[in-house]
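Feature list (source: Swiss-Prot):
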- 256-308: coiled coil (COILED)
- 190-201: compositional bias 'Basic and acidic residues' (COMPBIAS)
- 202-212: compositional bias 'Acidic residues' (COMPBIAS)
- SER16: phosphoserine (MOD_RES)
- SER17: phosphoserine (MOD_RES)
- SER19: phosphoserine (MOD_RES)
- SER85: phosphoserine (MOD_RES)
- THR86: phosphothreonine (MOD_RES)
- SER118: phosphoserine (MOD_RES)
- SER169: phosphoserine (MOD_RES)
- SER203: phosphoserine (MOD_RES)
- SER206: phosphoserine (MOD_RES)
- 1-122: region 'Disordered' (REGION)
- 134-212: region 'Disordered' (REGION)
Amino acid sequence: MALRPQRTFRRRQVESSDSDSDSDGAKEQSAEEPASAGGRTEGAERPRGARSARGRGRVWASSRRSPGAAPRGDGGAECRTAELSTDEEEGTHTLTGSKGDRSPSSDSSCSLEERDVSPIVEIPDAAFIQAARRKRELARTPGDYISLDVNHSCSTSDCKRSNEEDPESDPDDHEKRILFTPKPQTLRQRMAEETSIRSEESSEESQEDENQDIWEQQQMRKAVRIPAGQNTDLSHSSKSQTLKKFDTSISFPPVNLEIIKKQLNNRLTLLQESHRSHQREYEKYEQDIKSSKTAIQNLESASDHAQNYRFYRGMKSYVENIIDCLNEKIVSIVELESSMYTLLLKRSEALLKRRQDELKCESSYLQQLSRKDETSANGSLAVDEKDQRILEEIEARRMQRRQARELSGSCDHQEGMSSDDELSPAEMTNFHKCQGDILQDCKKVFEDVHDDFCNVQNILLKFQQWREKFPDSYYEAFVGFCLPKLLSPLIRVQLLDWNPLKMDSIGLDKMPWFTAITEFMESSMDDIGKEDGSDKKILAAVINKTVVPRLTDFVETIWDPLSTSQTRSLTVHCRVAFEQFASENEVSKNKQDLLKSIVARMKKSIEDDIFIPLYPKSSEEGKMSPHSKFQERQFWGALKLFRNILLWNGLLPDDTLQDLGLGKLLNRYLIISLTNAVPGPDVVKKCSQIAACLPERWFENSAMRTSIPQLENFIKFLLQSAQKLSSSEFRNEVSEIILILVKVKALTQAESLREERPLEPLPAQSTGV
């Protein structure tokens, strides 16, 4: 816009006023009248600066007057200029109604000056001036205010021109506010400013042409006198141009999507950050609420804490008391165990010594009997009184056992198969008396102790209550690993009168402590959520720590492998004990020690107790001879040990049993005795008894065509016996030999023997031949 700056106008105004005052006084005189009129108008609006306002009005009037214009035309131009500036100022800071009210008065005053050249104009009253001034101040105060009334707004160029043409609208010097920093702009102002700058840059040439045309029109309006009608049209055209320019300045440019997208993204980021902060605050508040509720519950359950404390304190006191009690009683328990063990050991040693002495005495007697030169003249032997007494006792006990078998109906029993473990009445009385005294002392151990501290079931109930009420602390205390050691003294007391070598002894699974521990474990298995496996191992641990060591002591010093009753009872109790280790992957040292003791004891029995003498054929004539009877008793005694060894099938490894039973006993003693005997039905019967003792599990494999290596000597003896027996007299015995071969899986030998000797069809057992 080609408008001249305000300072340039002022400078030219001052110069023109000075030149006019020096050169032409008449022109100044004619110009002062309209100027004074304009000055009075401004003076009414601003009473405190009336004189300066009138001076400025004269300067404006003189500077805009054309030199060649007539006085009347100059006056009209000056009036229109003053009125135009007044209209622009009022249009910017006042309402439309005020401007409409003042415009007719201004037009009428101007027309009167043109027609009558009268200096009289309408002066607004003080209230109107004060209200207009107040509105201007309020309009200037909010920097981001944009009026929505287009009639009251103006374009940027019009506002600038209004300010340039009407410097009197500026506040006085003492009312001006000095700005040291740029006034902050609002977002709408910045957008409008950027929009106007881009529009000015894009249409710079057209804007300059338009501004030039406007400036020329203004200059022509100043220089040429325009009639009233034309002035009105010009005023309307100026207003329409102003409105048009206003519309152009406030209209928004085409939308830039990148800027909008960026602003939306920024706004979205701010909202998301705000949402996250609110979410964090919300979570914090929720956590505070939870902690508050927990605190409330803790405070409300303060009584439960008191009860828990009393329970733990009572449990601690209970455990301390039971430990003190057991520490005090363990000395008496050990003494009683030692007394009972000593009593049983003395009895076992006495029986073993008696058997060995009787064996030596009888063997010596038979040796003397075989020597003809040692006999006396009347044919009797010179026997020591002691040996004679031993022989009489041996024969008396045999008579008693024979009578007992006849009463029981066991007529097929062989001499030597029974256990010679009978005691004399005096010895039995003394033994039972000592055993009763020990058991009586055992009852007095916990006589002064409450059942809650000496009864296994009551103790486990206490710990079961702990496990049910506070399982976490129960399992954290590893109670399941401590209970076996805690219960061990009490179980040892119950095992004090338990003899695993007696058939009538109570089984382990029938004992009260066994039942109580089993129930405790079953209740633990019901609590699946908290079960850690320690309670399931309590019974196995108790047996491993308490029962197995006691079994080991019995095996090492008291057990007699030649006793079938003791061996059967011992194997039954060992199977019950070993069943508890079936699910355990770890190897128990106590169990291995027990198995080693069993093997060692059987080896010792084979070496010390087995003796089968070989007499000359002449000494064995007749089955009723002393030599023949003694040899038969010793053979059947060895066969009984062979059978007792094989009773450990399933408890001891197969290779160990085969080495003991077959290698050390069958091949070394039994086969030699059979080879020295005369072939016949008795030999076949003994072979059948040997085959009956062999475990069937060793021959379950249907693909086997040959027997186990340790039975090779036995199979050869069977074939030799079958060859010596004639088919006509011993047909049944040969068939029995074939059945024995089939049982021990010597199928090839059985088939060859059957082909050599055509016999009757074999029973169902030999269908595999």
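Cβ atoms are placed via backbone N, Cα and C, with glycine included.
The number of other CB atoms found within 10 A of the CB of SER206 (phosphoserine), across every protein chain shown, is 9. Note on the coiled coil (256-308): its mean pLDDT in the predicted model is 89. Remark: secondary structure over the compositional bias 'Basic and acidic residues' (190-201) totals 12 helix, 0 strand, 0 coil, with classes taken from DSSP.
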